[in-house]
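Going by Swiss-Prot, these are the annotated features:
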- 18-208: domain 'RNase H type-2' (DOMAIN)
- D24, E25, D116: divalent metal cation binding site (BINDING)
Amino acid sequence: MFSNIFSFDRNFYNKGFYPVAGIDEAGRGPLAGPVVAAVVILPKDSAIPYLNDSKQLSEKKREILFEIIKETALDYAVELVNNEIIDEINILQATFLAMSRAVLKLKTQPDLYLIDGNRKVHGLSFNQETIVGGDAKSACIAAASILAKVSRDKMMLEYAKQYPVYEFEKHKGYGTKKHIEALKKHGICPIHRLTFSPVNDIISQTKLNI
């Protein structure tokens, strides 16, 4: 994995694309909190140990790599779109918006953007390549996945202090059994996504019971 993940990006360098940026997001599925996107440009000779898809790493390894990536990257940016905008424009468009905002924060203009998934970022005229499962194939996408994931987790830890009854520190807003039980018991808080099920179901049920 260590060798292959960097070899994947080098294939693009060898075709004349450099620098290359990886884009990924964290937080499309949760019932609460923002969606976060990150974009990362790594040096040609980058060789970060244990770099992989953030979902395949322990929390401790992600946090260590988070700092290494920020120190190693030629450029990077992280942006978010909050739950209110997610409800207004839908999660897919909110994800594109977060990615667009992150791209526009870069000081370095890449020759190519590698995007995790099968959808290009709408509204951007830059050269884009979609990579299904890219966070496990491409070093720069894997790096972006880690920055996005750790950044979002840190935000959710802060929200956990504001809204302790939901225990966001444990599930980061995902729809775990404990989270749904807390929703049913305490209702929603300001960072819940009102258009997501079962949040909207719980809201409807609460209205019926009034």
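A Cβ is built for glycine as well, from the same backbone N, Cα and C atoms used for every other residue.
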Cβ within 8 Å of the mean position of the Cβ atoms of D24, E25, D116: remaining residues of the chain near divalent metal cation: I23, A26, A37, A38, M99, I115, G117, G134, D135, I141, A144, S145, A148
Candidates E25, D116: member of the binding-site residues with the richest Cβ shell (10 Å): E25
DSSP-derived structure type at E25 (divalent metal cation binding site), helix or strand or else coil: strand
For D24 (divalent metal cation binding site), the number of other Cβ atoms found within 10 Å of its own Cβ: 31
